[in-house]
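Asks: Summarising the annotation, TrEMBL assigns active site, nucleophile to Ser190. For Asp216, His301, the entry in TrEMBL reads active site, charge relay system. Feature annotation from TrEMBL assigns Ca(2+) binding site to Arg230, Asp235. Residues annotated as domain 'PLAT' in TrEMBL: 375-486.
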Amino acid sequence: PFGRRSRDVETKEMQETKTRFLLFNQEVDKGCQIRLNHPDTLQQCGFNSSRPLCVIPSVPSQRADYAVAHSQVDGILENWVQQLVNALKSGPAQPVNVGLANWISLAYNHYALAVHNTRLVGQEVAALLRWLEVRSPEKPRRTLNGAGAQNKLEAQKASIQAALPRNHLTAVFQESVQFSRSNVHLIGYSLGAHVSGFAGTYIGGKHKIGRITGLDAAGPMFEGVSPSDRLSPDDANFVDAIHTFTREHMGLSVGIQRPVGHYDFYPNGGSFQPGCHFLELYKHIANHGLNAITETIKCAHERSVHLFIDSLLHADLQSKAYLCSDMDSFSQGLCLSCKKGHCNTLGYHIHQDKQSKKAKKLFLVTRAQSPFKVYHYQFKMQFINQIEKPVEPTFTMSLFGTNNEVHKIPITLGEGIISNKTYSFLITLDLDVGMLIMIKFKWENSAVWANVWNTVQTIFPWGKGPIYSGLILKSIKVKAGETQQR
């Protein structure tokens with residue numbers, strides 16, 4: 001019922017939009033409104049056509065009992081919107097224009113109608129981007145070379161600086177730079193992710209938008225539909241997506257489950273997030289009253305936004321994710337390879353592999369709070385079991401490295417131990433222990449083998465482990481995902 005038009009659409013430009021476009025600059029936290037076909041507003045707001053443009057299609061709150069998307073409550077921006085704006089203003093090494101597409105008048109409706117309106121908002125975002133290209137001159141002004149040119153430019157600036165406000169001055173000297181859609185990055189959360197996709201289609205022309213990031217793109221009414229009816233890799237030169245709340249309930253999931261980009265990240269499997277468990281519901285009741293269930297659901301859905309913000313705020317703690325078929329395989333440590341583009345960085349600083357035609361699903365584990373980065377290690381172990389029956393021990397492991405040491409990590413193999421079988425599992429640490437020097441196991445008593453042994457076994461990477469009766473550790477191999485060292 002909501003058929004999507006082809007890319008060759010709309011030669012007739014819009015004159016007004018229902019979406020309000022705000023621009024944020026370094027000096028002012030409050031957004032400055034840009035009006036389509038009003039070039040003076042670009043000057044007033046300090047738009048710099050020489051810089052990339054990041055646009056956030058914000059999404060207002062839906063009904064309290066259906067927390068699919070949040071960013072506006074009674075017209076006030078929610079905290080995550082301002083946090084993302086601030087992170088974009090300060091995080092990237094290259095300064096960017098930061099814009100917000102506020103479509104509260106079109107989204108404050110029944111969910112089905114809000115879904116329908118994502119197409120109109122996409123058209124209006126596309127219209128803005130086309131106008132930004134058209135208003136820029138086709139050819140840059142002639143420039144002079146050498147110190148004389150620099151002196152002349154400085155003299156020109158000085159001569160009009162007293163007559164023009166700073167933002168006007170910036171606009172005058174940047175207007176000669178051709179704005180390009182290839183420098184546009186749309187960052188859409190929930191329904192805003194699909195708005196971004198529709199903008200990528202409706203912009204038309206031979207060239208695409210540079211990048212779209214979908215942050216837990218909305219699932220209901222988008223799951224299982226044609227790629228042309230949702231965010232898809234065809235909507236930009238590069239599309240990445242973060243899935244954080246794909247847990248299904250009554251046939252629906254708040255966040256879309258299927259891949260929608262060139263790279264799709266599934267933190268902690270994508271179904272739910274640490275720190276957002278329903279066991280936290282009582283804490284949310286104390287803080288939010290009757291809205292506690294909404295806040296609990298929102299926690300996992302909105303985690304996608306905070307993971308992206310985290311990538312901007314912690315340049316030295318970038319989270320790495322790994323290509324894998326599913327979370328079960330990843331939890332066994334079977335997917336910590338970075339060969340042939342099999343790993344990538346989650347968030348703003350992702351490596352944009354535009355040659356990849358097949359969607360890649362990447363998995364990682366995160367902490368429950370910022371900074372979210374953890375360090376992934378794969379352990380492969382073989383035992384010699386001198387007892388006829390499979391042994392199901394419980395044990396802890398302590399790791400000693402060149403940088404740090406971590407004690408008493410609980411290990412569960414999930415099955416009885418038999419001889420000459422390789423057991424592979426994943427361990428994640430909040431700290432970077434560096435190069436491993438020593439591994440210490442603490443084997444605990446159990447009813448099955450209480451009289452066999454209860455001791456501490458220490459393994460040095462360059463030595464052989466001691467021999468005990470009953471159960472013997474034959475070999476152990478360790479691989480660090482972040483460094484790829486073995």
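Positions of Cβ are set from backbone N, Cα and C atoms, glycine also.
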Asks: So which recorded positions out of Asp216, Arg230, Asp235 end up within 10 angstroms of Ser190 (active site, nucleophile), measuring C-alpha to C-alpha?
Replies: Asp216
Asks: Should any of the recorded positions Arg230, Asp235, His301 have a Cα within 10 Å of the Cα of Asp216 (active site, charge relay system), which are they?
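Replies: Neighbours among recorded positions, in sequence order: His301.
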Asks: How many whole Å apart are the CA atoms of Arg230 (Ca(2+) binding site) and His301 (active site, charge relay system)?
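Replies: Spelling it out, the Cα of Arg230 (Ca(2+) binding site) and the Cα of His301 (active site, charge relay system) are 18 Å apart.
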Asks: Quick one: pull the CA-CA distance for Asp235 (Ca(2+) binding site) versus His301 (active site, charge relay system), whole Å only.
Replies: 23
